[in-house]
Structure formats: structure tokens, C-alpha cells
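Look at Swiss-Prot and you will find His40, His112, Glu162 tagged as Co(2+) binding site. Residues annotated as domain 'VOC' in Swiss-Prot: 37-166. Marked as transit peptide by Swiss-Prot: 1-23.
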Amino acid sequence: MFKQLIKTTLTNSRSFSTNTGSGSKIGNIIGKIGIGKLNHVAIATPNLQESMDLYKNVFGADVSEPVNQVEHGVTTVFVGLENTKIELLHPFGDKSPIENFLKKNPSGGIHHICLEVDDIHHAVKTLLAENVRIIDPTPKIGAHGKPVVFLHPKSMNGVLVELEEK
């Protein structure tokens, strides 16, 4: 299902010239970068404790303790679900990208989706060769201790997509 979602997003992206027949360029890119499962959906929240309580008390979900991600300017909390996770994001520090998001969306909302890939460096190289915009093509260590990059929303139909190495 998520491979189809990404295929549809990439097919509709202005950054690609596409062939919708079998063996399409987009299908080949997806295969080349080794997209795996949906790792998490990230939600920016203006009130971290309130959001933690919501998922714990209303849905009975396992909720982690908050962790400050100094390098990324966010505090993260992971909500464990049966087949994926929700990452709650709250601003941390003076230069938090989440602060800007919350200025535009004061009550919070979906910030990004995260998909797993086999090899982050190979995925970056392949996507750059196909003119997909990557916010910073140098992988950084993400909240799970694994390398990540973010694909620019302008290349992904308005969706910020995080790729995380399996």
C-alpha cells in the first residue's frame, strides 16, 4: 500500500517525467531505492504533554518518555501502535523547525511521514540523479539512531518525506 502511495506521489510530482505504462520510470526508481515499510507519521504539537496523554489515555497506546533531539531542534515522543509509530514533535531550542510549522499551524498537525530504505546513501544518490530535491543530501542521525534525510515537499506533492535506513 505504501509503495503505491509513494509511486502515486512520485508519478504526480512535477520533478519527474513519467511513463505510466508497465516498467515505468517511477516504478524503477522505487525498486532501485528499496522502499520498505512506513516507519512513522510525525505530528507537530504545541502541547506535548496533552498529546502524550491523548494517545495514552484515549487509545491505550504505549508512549515513550520525551527525548530532546538537540541537533534537530525538537523534542520527540514515540507512540507505539500495532503496525507503526506516531512521532510527536515539539519545539526544542531557539532554531526549531517545528516552531515555524506551529506558527503556520497553531494547533499542530501532520509534519512528515517516514519510510524505511535499505541503504540511505544509495537512495540519496539515486534520487538526486532523478532530480528529486533533498533538503540536505548528507544523512544525519535521526531519533532512532539511524541515518535519515528529508525529501523536499516540492518534489513530493507537498508532503515532507523522511527516509530512514533500515
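Cβ atoms are placed via backbone N, Cα and C, with glycine included.
Sitting within 8 Å of the Cβ centre of His40, His112, Glu162, and not among those site residues for Co(2+), are the Cβ atoms of Asn39, Val41, Ala42, Glu87, His111, Ile113, Cys114, Leu115, Leu160, Val161, Glu164. Confidence for the domain 'VOC' (37-166), expressed as mean pLDDT, is 96. Between the binding-site residues His40, His112, the minimum number of other C-beta atoms within 10 Å of a residue's C-beta occurs at His112. Neighbours of Glu162 (Co(2+) binding site), defined as other CB atoms within 10 A of its CB across all chains, total 21.
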